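Annotation comment: Swiss-Prot describes C235, C238, C259, C262 as Zn(2+) 1 binding site. Summarising the annotation, Swiss-Prot assigns Zn(2+) 2 binding site to C250, C253, H268, H271. The compositional bias 'Basic residues' annotation in Swiss-Prot covers 599-608. The region 'Disordered' annotation in Swiss-Prot covers 589-614. What Swiss-Prot lists as zinc finger is 54-87, 147-199, 230-281, 344-386.
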Amino acid sequence: MLRGGCKASEKRRHLSESLSWQQDQALSSSIYLLRQIGPTGFLLKEEEPEKGDFRVLLGNPHECSCPTFLKRGELCKHICWVLLKKFKLPRNHESAFQLGLTEGEINDLLRGIHQVQAPQLRASDETAQVEEDGYLKQKDINAGDICPICQEVLLEKKLPVTFCRFGCGNNVHIKCMRILANYQDTGSDSSVLRCPLCREEFAPLKVILEEFKNSNKLITISEKERLDKHLGIPCNNCNQLPIEGRCYKCTECVEYHLCQECFDSCCHSSHAFASREKRNQRWRSVEKRSEVMKYLNTENEGEAKPGCFQEKQGQFYTPKHVVKSLPLLMITKKSKLLAPGYQCRLCLKSFSFGQYTRLLPCTHKFHRKCIDNWLLHKCNSCPIDRQVIYNPLIWKGIATDGQAHQLASSKDIACLSKQQEPKLFIPGTGLVLKGKRMGVLPSIPQYNSKVLTTLQNPSDNYQNITMDDLCSVKLDNSNSRKLVFGYKISKQFPTYLKNPTTGQTPSQTFLPSLPHKNIICLTGRESPHIYEKDHIGQSQKTSRGYEHINYNTRKSLGSRLRQHKRSSALSSEDLNLTINLGTTKLSLSKRQNNSMGKVRQKLGHPPRRPAYPPLQTQNAALSLIMQGIQL
């Protein structure tokens, strides 16, 4: 008899697009069966707590308490979940897209004659073995075993499981039992949960809570990454790591992948490709390609037919030496992996004392035998988050300590190579000192010039100075350039270039000429630094005119000026200024405490001549040699 006196709905012959979308939502959503009300009534709960619980009744027509069904009257994802997940109907089965089913069709559905997978998990009639702790022995998990709450295959979902300790010994997801515990509304931790299969006592609530807490520690950050990130797979063209969005894999080359942008630019166009959008999807052959790609394939491949890509043919397994290089850990008596809830997520069995575990780059831990068999014979990626273990583009190889290492992408290496070296810029000249050590000032070699007071070390290092961006100033031997420099020097140093006897400025000033290439500079003893503080004009004199002031370390020039401040002229022994026709030479010595020397200017009272104090270092000498002008 039909429920509520409703008429039998019209039979549908084809699956509509809207219903197909609802089926996709049902298969991709996390829906849990909290309670079964009779043979055709089901209380469901979604993972999002704000959506609440929904009641589904199968009949003619089907009913659901969700807003989507109440508004449209069409099959919602909750009804589709019961038909596809609970009763294992194929998506294209006639009973899967009808608005209602007759009594005969419902009886066939309950008997499972349409199921394409193994029948649902039931309590075994065999006598369960009792362990020493009083609990039943956990049953082994087979390939077709499913969780009675989420209806997912246990070995495919790879989530930690618990088992019924007092009734049947069957396995259930720990997460699902935690959700069921919230629905049963147990009063205290000492209460016992009911088994969703045998309806007997399942396990104490405190045991489930401890297992749930520990099992959450097995979840890594990589599992929470978006599925459109292909972890561990770099683009062989642009070195993007990981590839995001659609990923393309060459069907002929070993581990050759391209991102969407590089694939569209016709990179590696001579071979056929397979693609996937998410890392948990299968690779599918790329059939529809642009006209440019078709033309290139026709020209390069000749009579080769792309065909459908078979994943087994293009499967690449992890090399044996890479598997052996992964860290190997032995479980000790005090290991945390012995706590309830910790287990290998491949075989879903607990860890035991003395066993060996392998640690993957994504920090997942497995039994050594389980993960070795997986990597060597099944797949080259982690079975949980699908992160690729070995890729020739980023793998460095086996380290001497047995640890596995990975290289950074070539893009990162290129960025490191492009880092600028430290530079010391001398204002106004365009000379740039490039070197690995900071604070080393150059000493320009002297040609045909006289040396007065210099402190040099024969073991001083040599460095190269490059000419960089001289702008309008060009150092050569032309007379025009000498005149230009002479004019600029006369403007900057009108006092020092005057003839003391005549009081006139010479018509020409001869400046040193510097070669443009391979200028060898003698540095200080190690790394002297100079701060020309509070005296900008003095730095301009040194840079533009290549002039250096010689301060006598035995008796400073300032003391001599103070002694003869009433005299009208200075002795030539006290100050010897010379313009050198060769190249000016700058030599500095290092302070004992590696501090920076300072050149300070002390101005006298007008109209007296300004006094120039000695350099504030113990054994440093700064020389300015000018030749051709009599003071």
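Heads up, the Cβ atoms here are built off N, Cα and C, so glycines get one too.
Sequence-ordered, the extra residues of this chain that approach the Zn(2+) 1 site, with Cβ no more than 8 Å from the Cβ center of C235, C238, C259, C262, are N236, N237, N239, Q240, I243, L258, Q260, E261, F263, C267. In this structure, the CA atom of H268 (Zn(2+) 2 binding site) is 12 Å away from the CA atom of C259 (Zn(2+) 1 binding site). Beyond the zinc finger (344-386), the same-chain residues lying 6 or more positions past its ends with a Cβ under 8 Å from any Cβ of the stretch are 141, 154-155, 158-161, 171, 218, 220, 222-223, 225, 231-232, 255, 279-280, 315-318, 320, 323, 326-333, 335, 337-338, 404, 406.
When the binding-site residues C259, C262 are compared by the number of other CB atoms within 10 angstroms of each CB, C262 has the fewest. DSSP assigns C259 (Zn(2+) 1 binding site) to coil in the three-state reduction, outside any helix or strand. Annotation for the binding-site residues H268, H271: lowest Cβ count within 10 Å of the residue's own Cβ, H271. Sorted by the number of other CB atoms within 10 A, the binding-site residues C235, C250 start with C250, the lowest.
Counting only the Cα atoms, the space from H271 (Zn(2+) 2 binding site) to C262 (Zn(2+) 1 binding site) is about 14 angstrom. Sorting the zinc finger (344-386) by DSSP state (H, G, I as helix; E, B as strand; all else coil) yields 10 helix, 9 strand, 24 coil. Within 8 Å of the centroid defined by the CB atoms of C250, C253, H268, H271, the record's Zn(2+) 2 site, lie the Cβ atoms of T251, E252, Y256, S270, A272, F273, excluding the listed residues themselves.
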